[in-house]
Amino acid sequence: MESFHTDHTPLPRNMIENSMFEEEPDVVDLAKEPPLYPLEPDDAVYEPRSSRLLVRGLGENELDEEEEDCESSARLLGMSFMNRTSSLRNNSSYIRQESNGSCSFPSARTLFVGAFVLLVVATVAMVIYFLPKCNFTKEGCNKTEHSVEPLYPISTNGKIFPWTNIRLPRNVIPVQYDISLHPNLTTMTFNGSVSIKMKILEETRNIILHSSGLSLNVKSSKVEETHRKISEMLEYKPWNQIALVFPEDLQKGQTCIVEIEFSANLSDTYSGFYKSSYKNKNGEIRWLAATQFEPLAARTAFPCFDEPDFKATFLIKIKRDANYISLSNMPKMHFNELHDGIVEDEFENSVKMSTYLVAFIVADFKYVSKELNGTKVSVYAIPDKIDQVEYALKASVKLLEFYNGYFQIKYPLQKLDLVAIPDFQAGAMENWGLITFREAALLYDNTSTVLDKQRVTVVIAHELAHQWFGNLVTMEWWSDLWLNEGFATFMEFMSVQSTFPELEVNDDFLMARFKAMAKDSLNSSHPISSSVSTPEEIEEIFDSVSYEKGASILLMLKSCMSEDDFQNGIIKYLKKYENGNTKNEDLWESMSKVTDKTSSISRMMKTWTVQKGFPLVTVTRNGKNVSFQQEYFQLSVDPKNSTISNSLWQIPLTSINSTCSNYSTCKNVYMLRYKTETVTVPSEVEWVKYNINKDGFYLVDYGNSGWSELINLLNKNHSLLSYQDRACLISDIFALSRLGRVSIQQALELTNYLTVETNAPPVLEAIFHFNRIYRLVEKRGLWMLAGRMKLKILSLFGNLTDKQTWNNDGSLADHRLRSSLLKIACTYQHQTCLEKARHLFSTWKTSRNNMSLPADVKSTVFFVGAMSEEGWDILLQEYSESMSDAEKHKILEALASTPNTTKLVWMMQDTLNGGIFRPLDLPTILSAASKTLSGYLYAWDFVKENWDLIIEKFHLGSFTVQDIVTQTTCEFSTKAHLLEVETFFASQKDKGSQLRSVQEAIETIKLNIQWMDTNLKALSGWL
């Protein structure tokens, strides 16, 4: 897919005394009746997401809700008051002792009463001690919000649910699904049935599978072709699990077939089987139904084993109105006319695949197609946009041909459909044989820029790579999502650079590595291979660490191997695990076997996947001796937490130096394995540049003298370093200044050479850092300092900006540079830029039906035009009428950048009301507004006031929610804002406080406060 976590501490043996600890329940198969015996304190286990204590052995016994906690807990301790006191009365005997002195002893009555009182006091004390979370009232023990939790979950009907883990058991596996569906686009509902053929791997009485939000009816069940009635079906909603309970054990090796009927509403969100709509050129609303199952939503469309390693084959039938078409993963096999204008399409049985890759669509789309080596490639869109699909078809065929050759495994299906969906949350989704896209990620027309063309090509390349990495070979569990997404991201850049070199995607890959390092430098980051279990954890792992960092470490590995060895390692991996599932170590094993470094690759790459973050390598040169020291790079407001001494990586340290700076012949590679190491270099070396072109995922600190040497080099002859390395130096030194290792003065001093820089990556990286600093200063209300900074930025890039033309000429790098420089110049009120943009906008608005603006400058012209009320209204009308998604996106950003906060608030509200703007426009609006002084507080307030609606529409933990959280808070830099953000999300509890993106937002604000407190004086001095 183009662009989730509760840690449980092991329960101590004295669990009752330590009831604040929680633990995932033991996995127990209740295939047979649970034993009826009293539970000892040491046997108790907690189960998350529930609130009642259940004693093993209670079975069918029901307790009143008010009494259950206390009564069950009393049984736990073996001290029910009535039983304990009656036992004492019945079993106690007292022997009168003879007096052997003058002292008298208490009577038996006194002893009895005293002992009884002591026992009662001790019993009450024990109950209060062991049950601290009960409130004792006249009515008994009332549950509190933090009551202890049961061993076995409780089904919706109050019975014990026979499974205690959020992951499904492995005693039953699916083999074949026969699915029949009928979506009704009038009532917005669907119904159907699924027949699941299963193999029994271990003796069990229960079949546990997933279902969420479905009304279910078990129609029939067979075991070895013999009808076997299911005694009951139980449901545990918090884990989306159902249990089919048989009266007798199913035996190992048997085959079982269960048919279940189901129905539900088409989803209002963007996951599961959901409804979508669009307006055609006549203003008519047209409806369609589409799917998005990754990661956990197949269970909302049909009951299934909804985990990646439960692969099976699927035979799908879809009933539809005759005016629509239906699509699924496989080619259509049969077409049957039923009744009342309803027809049924039957598709071929699928290849073996995971449930999250199943897909189906019912819509009125049109398509174009082309044949490639026995595979029919088709691109679908709504009828009014079918003229925008030709480029996607051309790119898809060319990229499919590349992958067939590179992987040496032919794409296994007879058809490949690419479909543009009007409402689609992700950039795209790799469903096998039926790839779905946002319209902006697939459609391309004459209003699009060359950068839009690049994005379309890259997204197609990403999803086609998934047909091998993800579909053919699938990660075993979401913990290793990067095996899917990291590989697809790496291959998208590699394949497009090979097939469409004019799109210059290597520069984008470089910027992607900068992005990944910024996220991975925070404590809220996670290892590439990271344990996840809850839906929120799984959703949140779809982030730049899994995607861009995963791709980056593959690039680093590739730089250590020959081209042939790297390719052969990939082929070996794909062929060995074809149609199967893998873990992290399986990849390294395959890559190791193609070289003579059988174990070194595996050892090296594990250091990059099982620990979070990345290393900082400090270089110290003393004559011929160069010493290296590696440490964990982590941005932190507490300097003590900036490094973790026990983190070590095996680092391929590449370098060039002043004695030999030819990149193709002078590259040196040294493997840094230990915390400190020393090497020797020629004494005449004036400068050394490490980590060539950022092929390695690490930072380098050259020390004060080393940085001075490199700054002098840039000022004297910056062309001795590649433009990629110049961009890397800018990225590294600003990161180090945030860490406090390099002064901000030295970082800013390095950028002085930019007056002669003409390449896009260094300029864009510098603009990124300058923009971040400027907006922090502006939003602190430091107007004079902000004004001086604008002038400084304009002076650095003034000559280059003045050379930009307002047309579409040049290479992709020229287009990128032109678009960025003109936008920054007009944003910073550069008078010449403003006048030109206003003139173009004025000309366009009077003849927009007959005039097209140069695509590269549209974003800038629309931005300036939206500053006036009249221009804003014209752009709003153009947005509502345009059929170009690329153009609509540029207009949307301009509208959301308005200084008119009334219009901005209306825009945000309109996205949730289903007006001119779609809900999927909200993240773009919030991001654009958050960058402006007039809008950033309104954007944050909107998020707070509409949080429940946002997480209902986009799902907690989704990348959309991640972006909304981080984008609306990333430029806060005051303690008041920090407290506000912390307080708001703390109040949300399980509706947001646990999210990694929330922790990232809080960290970022703290770091912003620290940066402002530390560097404002130095910044003012530089300006």
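Backbone N, Cα and C atoms are what each Cβ position is placed from, and that goes for glycine too.
Caution: TrEMBL annotation is automatic and unverified by curators.
Remember, it's a predicted structure, so these values are computed and weren't measured experimentally.
Summarising the annotation, TrEMBL assigns transmembrane segment to 111-131.
What TrEMBL lists as domain 'Aminopeptidase N-like N-terminal' is 174-357.
For 391-608, the entry in TrEMBL reads domain 'Peptidase M1 membrane alanine aminopeptidase'.
If you look up TrEMBL, you'll see HIS462, HIS466, GLU485 marked as Zn(2+) binding site. Non-local neighbourhood of GLU485 (Zn(2+) binding site): MET1, GLY470, PHE542, SER546, TYR547, GLY550, each in the same chain, at least six residues away, with C-beta under 8 Å from its C-beta.
Residues or ranges marked as active site, proton acceptor by TrEMBL: GLU463.
A 10 Å cutoff on Cβ-Cβ distances gives TYR547 (site 'Transition state stabilizer') a total of 27 other Cβ atoms nearby, all chains included. Here TrEMBL flags TYR547 as site 'Transition state stabilizer'.
Marked as domain 'ERAP1-like C-terminal' by TrEMBL: 687-1006.
Shown are the binding-site residues HIS462, HIS466; the one with the most C-beta atoms within 10 angstroms of its own C-beta is HIS462. Cβ neighbour count for GLU463 (active site, proton acceptor) (all protein chains, 10 Å cutoff from its Cβ): 28. Mean pLDDT of the predicted structure over the domain 'Aminopeptidase N-like N-terminal' (174-357): 96.
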